[in-house]
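S.K.: I'd like to ask some things about the structure below.
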Amino acid sequence: MGNTTSCCVSSSPKLRRNAHSRLESYRPDTDLSREDTGCNLQHISDRENIDDLNMEFNPSDHPRASTIFLSKSQTDVREKRKSLFINHHPPGQTSRKYSSCSTIFLDDSTVSQPNLKYTIKCVALAIYYHIKNRDPDGRMLLDIFDENLHPLSKSEVPPDYDKHNPEQKQIYRFVRTLFSAAQLTAECAIVTLVYLERLLTYAEIDICPANWKRIVLGAILLASKVWDDQAVWNVDYCQILKDITVEDMNELERQFLELLQFNINVPSSVYAKYYFDLRSLAEANNLSFPLEPLSRERAHKLEAISRLCEDKYKDLRKPMRKRSASADNLILPRWSPAIIS
């Protein structure tokens, strides 16, 4: 017991179609000494930087990479615009409010405090485009996300559960139910979408009718624990989804983290990119955020906030200032000629 080393290796996520090559099981070498195996363990920070080259093209890690959901929605957006042009729909059917000299319309959604209802609608729309415009050839399907193997309710799963794409309203109701019961914030919804796209990229899988509920559930579960100050426990989700067990939730969370390679970091630049891309998605699909006329109270509040930011900016610039002389009253020293005799 004192001179032997034991290692517990967790089982990798089971695959249904292709072998998962990103996660390699640990194989101890009997020829290595204890010094070679114990002192040269890889640090977790080194493991996170393995795919630095691929990270530049991963939208959930790099702020300059385009989000996947926005690119998947472009085809449908172009078709909608084309149909509107062909059918000669008048622009008056879409009621939009525009600011004028007398009235200014603003929405209450900002990057730091997004509107909860419309953020969930945008996230549900992004998930809808992920499912609708997925790879037609079909990629591998992990058992842990298969709703037939791990049902969320005791009701019988229909035999064609993996054939029909869910509607946007169905996805919205599912996400809204979880957010309302767990009292999650709008920021958590954006982080949920970041984790979802990171999972699809890292694990090289597609979200489809057979697995979308459990993938979304795992992303919400992880985002609520990472982002919110008052994290929701797994047993709380079991009270929301009455027929799911705590063991199933624990296994879902464990394998989700494993497939993310334990990379739960969301930089502020990536978060801001997803927020503004969601706004672009909403505008392209006529899902506008609620606009309200600018009131006097809100104008004073915005003025106070801007003045506070301006004062902070001035305080930061003060140590950097250098005194300089004006050229108007510039007096140069005059040298009197010296007589050398």
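The backbone N, Cα and C atoms fix where each Cβ goes, glycine too.
Grabbed the feature section from Swiss-Prot, which reads as follows:
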- G2: N-myristoyl glycine (LIPID)
- S25: phosphoserine (MOD_RES)
- S33: phosphoserine (MOD_RES)
- T67: phosphothreonine (MOD_RES)
- S71: phosphoserine (MOD_RES)
- S73: phosphoserine (MOD_RES)
- T75: phosphothreonine (MOD_RES)
- S83: phosphoserine (MOD_RES)
- S99: phosphoserine (MOD_RES)
- S100: phosphoserine (MOD_RES)
- S102: phosphoserine (MOD_RES)
- 143-265: domain 'Cyclin N-terminal' (DOMAIN)
- S288: phosphoserine (MOD_RES)
- S326: phosphoserine (MOD_RES)
S.K.: Roughly how many Å separate the Cα of S73 (phosphoserine) from that of T67 (phosphothreonine), to the nearest whole number?
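M.R.: Their Cα atoms are separated by 10 Å.
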S.K.: Determine, from DSSP, whether T75 (phosphothreonine) sits in helix, strand or coil.
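M.R.: SS state of T75 (phosphothreonine) = helix.
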S.K.: Tell me whether T67 (phosphothreonine) sits in a helix, a strand or coil according to DSSP.
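M.R.: For T67 (phosphothreonine) - judged by DSSP and reduced to three states - the answer is coil.
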S.K.: Please count the residues of the domain 'Cyclin N-terminal' (143-265) that DSSP assigns to helix (H, G, I), strand (E, B) and coil.
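M.R.: Computed counts for the domain 'Cyclin N-terminal' (143-265) are 72 helix, 0 strand, 51 coil.
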S.K.: Tell me which residues of the chain lie with their Cβ under 8 angstroms from that of S71 (phosphoserine), as long as they are six or more apart in sequence?
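M.R.: Once residues fewer than 6 apart are set aside, S71 (phosphoserine) is near nothing.
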S.K.: Work through the modified residues one by one (S73, S288) and point out the residue whose CB has the fewest other CB atoms within 10 angstroms.
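M.R.: Comparing Cβ neighbour counts within 10 Å for the modified residues S73, S288 gives S288.
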S.K.: In sequence order, which residues at least six apart in the same chain have a CB under 8 Å from the CB of T67 (phosphothreonine)?
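M.R.: The list for T67 (phosphothreonine) reads P59, E197, K273, Y274, D277, given in order along the sequence.
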